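Chemist: TrEMBL feature annotations, pasted as is:
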REGION    1-24  region 'Disordered'
COMPBIAS  11-21  compositional bias 'Low complexity'
TRANSMEM  56-77  transmembrane segment
DOMAIN    57-535  domain 'K+ potassium transporter integral membrane'
TRANSMEM  89-109  transmembrane segment
TRANSMEM  174-196  transmembrane segment
TRANSMEM  216-234  transmembrane segment
TRANSMEM  241-263  transmembrane segment
TRANSMEM  289-308  transmembrane segment
TRANSMEM  320-340  transmembrane segment
TRANSMEM  360-380  transmembrane segment
TRANSMEM  417-435  transmembrane segment
TRANSMEM  441-464  transmembrane segment
TRANSMEM  471-492  transmembrane segment
TRANSMEM  498-517  transmembrane segment
DOMAIN    549-724  domain 'K+ potassium transporter C-terminal'
Amino acid sequence: MLPSFDGKIPSSSSSSSSSSSQPMPLSNIFVDSGSRAHLPNPIPVGKQSRWHTLVVAYKTLGVVFGGLVTSPLYVYPSMPLKSPTEEDYLGIYSIMFWTLSLIGVIKYASIALKADDQGEGGTFALYSLLCRHMRIENLSARDADSSGVSDSEGQEKQSRLGKIFKKSVVARRVLLFISILGMCMLIGDGVLTPAISVLSAIEGIRAPFPKVSKSTVEALSAIILIFLFLLQKFGTSRVSFLFSPIMGMWTLTTPLVGIYSIIRHYPGVFKALSPHYILMFFSKNGKEGWQSLGGTILCITGSEALFADLGHFSRSSIQLAFLFTIYPSLVFTYAGQTAYLIKHPHDHEDGFYKFIPSQVYWPMFVIATLAAVVASQSLISATFSLVKQSVVLDYFPRVKVVHTSCSKEGEVYSPEINYILMILCVSVILIFGDGKDIGNAFGVVVSMVMLITTILLTLVMIVIWRTSPVLVFLFCFTFLTMESIYVSAVLIKIPEGGWIPFAISFILAFIMFGWYYGRQRKVDYELTHKINIDRLRVLLSDPGVQRVPGICFFYTNIQDGLTPVLGHYIKNMRSLHKVTIFTTLRYLLVPKVAPNERIIISKFDLKGIYGCIIQYGYADSLHLEGGNLVNQVIVCLQDFITHYSGHLSCDETGIQEELTNLEEAMNVGVVHVGGKTRFHIGQNCSWFDRIMLAFYEVMHSNCRSSLPALGVPLPQRMEVGMLYEA
């Protein structure tokens, strides 16, 4: 028997906006699929207890802040200092203090965390947020009317800048390019953070044991990184539970050592908090002072993870951990390093281990090594989140994404991305080895990502928050000026290792653009050659076409018609199942779709033919194991038949007959049919199309199918091959 339905149907007003764009079906209705969706209901942050917030804040130490709080390992060694004086070190510390205060406290902790997209952070979350509020699509024809904002609301709230983006294709493409570049740079950060953190920590073994070779240090670093990446499959929660005590020890011990160093070597170091030491530093050192910014910027490395990892934790927990532990720890640690270097000005190439007292050297070495491993976690977790968002947005080839938490939807893990990151990290260590070269590359990534985030945040302040023009100007002028100076300083490091992140970003951007271009060409072909209701009626009226028993879920990419694969299937198979449900996966520009709006059922003017739209946001999970997906749709379809038929005042006999046919089809079996399409690249194609479409076909042939992402059992899956004319 069919399962009973115990959900409620929303009022028609709630469904009208989403159904108006579906001209082919006679009727649409929202059906509450939440009762059997098996999706976690996250606890609202406002209802969390203070104790829970403290616990989550403690867990953030092991994931979010690793890269930021371990930056003292490599900041001073990355600076090209020549015979530095007391005034130079005071100027450098002043620069680091104000960089941490302005970028860390004000920009990220106070402003960026408020620009979340319903709990999700990062570059693509900002992009999605802007697209939704400006009523612009993510440049995908099949995602029309998927912004999740009604027309009246969009027109009422739309700013003048939003109208410019909506009208200008060039402006939208520039916005997309900036977002993709930011994501690619952050993934490059995920490659370099583990490499430089672990390598800098293990380098400490050479001070007491000078005979230890550089290659031995590199080999040990590579082994530690491999072990770290093998732990990722256990999920962020378990990893953070293991790593948080380590980072807690690091966060506590380094400022204590810093305070000891301040008292012993230079108690007046905090006079450098006065900004005039920055002016004195640049007036004295000129070009050399400007070049040293390439190393100084590393003091804020990992701050982007503070925003990108928002999907793994809550805003209040991240702010609490940063403002009351991480920020004070960094201020005192850098002050202690500076105090030591003022008295020992030529020890800056090993600026961390040299300022550690000999009595606690080995305990600190162990803690530093473990903390460096934890530091790698923040950017690895951020990379998983960004890749998952870009896959859902259809800007990246489909890879396996595993949700590792039953209570936090943002906790994800991708095996393919994990092992690619592992190979790249180990390669960077073994090929380059020198921490200075990696530091040069690191500075390029950090500065570029910060600059891109500032640009997107400025747009959010103008378009969405409607912030006062004075405040927007102050924010934009302060941070764009500051970060542009940093970018100019690190760009000269490109020949000295700075080319690494650009190479990684270029390869990733080429992959994303190639995939996006190929997907767009396929959507354009399907819209041009789509099957409408009249054409489907003609195909089924052919006496040679049989209606066979069973239920068929036929997947289509377009919502105002049916995929050309359907015509190809009917002509060659000469059959169609008695109950056929044309299913469309519809991405909405929101992180999560309400359970009662997840499944939309529609009725075609043909016997046994239905439509189904499964809506999802980029933070939703579509991996519905076994028959759960089928059961959800069938329950919704059963309820739809009852209410839809009753609405048309049909007799009970007709309703019962339709329900009986549905039950008989379920008893026979279910099959999921999807298209396996390829481009036929003819002689008339341009050279650009030949290159890009051939590259797309290579990626498409080696990526995962969209059906396994739904958890469809292999015996129930069928793929229909078809060639599209390019």
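Sequential numbering from 1, following the chain as shown.
Positions of Cβ are set from backbone N, Cα and C atoms, glycine also.
What TrEMBL says about a protein is an automatic prediction, not a curated fact.
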Chemist: For the domain 'K+ potassium transporter C-terminal' (549-724), provide the mean pLDDT of the predicted model.
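Modeler: Overall, the domain 'K+ potassium transporter C-terminal' (549-724) comes to a mean pLDDT of 83.
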Chemist: Where else in the chain does the transmembrane segment (320-340) make close Cβ contacts, counting only residues six or more beyond its ends and a cut-off under 8 Å?
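Modeler: Here the qualifying positions are 53-54, 57-58, 60-61, 64-65, 68-69, 71-72, 75-76, 89-90, 92-93, 96-97, 100, 104-105, 108-109, 251-252, 254-255, 257-262, 264-267, 269-270, 272, 299, 306, 347, 351-352, 354-355.
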Chemist: Per the 3+ Cβ pairs under 8 Å rule, pairs at least 6 apart in sequence, do the transmembrane segment (360-380) and the transmembrane segment (471-492) touch?
Modeler: no
Chemist: Let me spell it out: take the transmembrane segment (417-435), skip the flanking residues so only those 6+ beyond its ends count, and list any with a Cβ under 8 Å from a Cβ in it.
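Modeler: Same-chain contacts beyond the ends: 74, 77-78, 190-192, 194-196, 198-200, 203, 214-215, 218, 221-222, 225-226, 229, 232-233, 376, 380, 383-384, 387, 399, 497, 500, 504.
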Chemist: Restricting to the same chain and to residues at least six past its boundaries, which positions have a Cβ under 8 Å from a Cβ of the transmembrane segment (441-464)?
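Modeler: Same-chain residues near the transmembrane segment (441-464) but 6 or more away: 74, 78, 103, 107, 111-112, 115, 123, 126-127, 129-130, 133-134, 159, 161-162, 175, 178-179, 181-182, 185-186, 188-189, 192-193, 196, 294-295, 297-298, 300-301, 303-304, 307, 471-472, 475-476, 479-480, 483-484, 486-487, 489-491, 493-494, 497-502.
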Chemist: Six or more residues beyond either end and a Cβ under 8 Å away: which residues meet both conditions relative to the transmembrane segment (56-77)?
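Modeler: Non-local partners: 48, 96, 104, 189, 193, 196-197, 200-201, 236-237, 239-248, 250-251, 254, 295-296, 298-303, 305-306, 309, 312-314, 316-318, 320-322, 325-326, 329-330, 333-334, 337, 341, 348-352, 368, 371-372, 374-379, 381, 435-436, 439, 442.
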Chemist: What stretch, picked from 89-109, 241-263, 498-517, has the most CB pairs under 8 A with the transmembrane segment (289-308)?
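Modeler: If we count Cβ pairs closer than 8 Å to the transmembrane segment (289-308), 89-109 scores highest.
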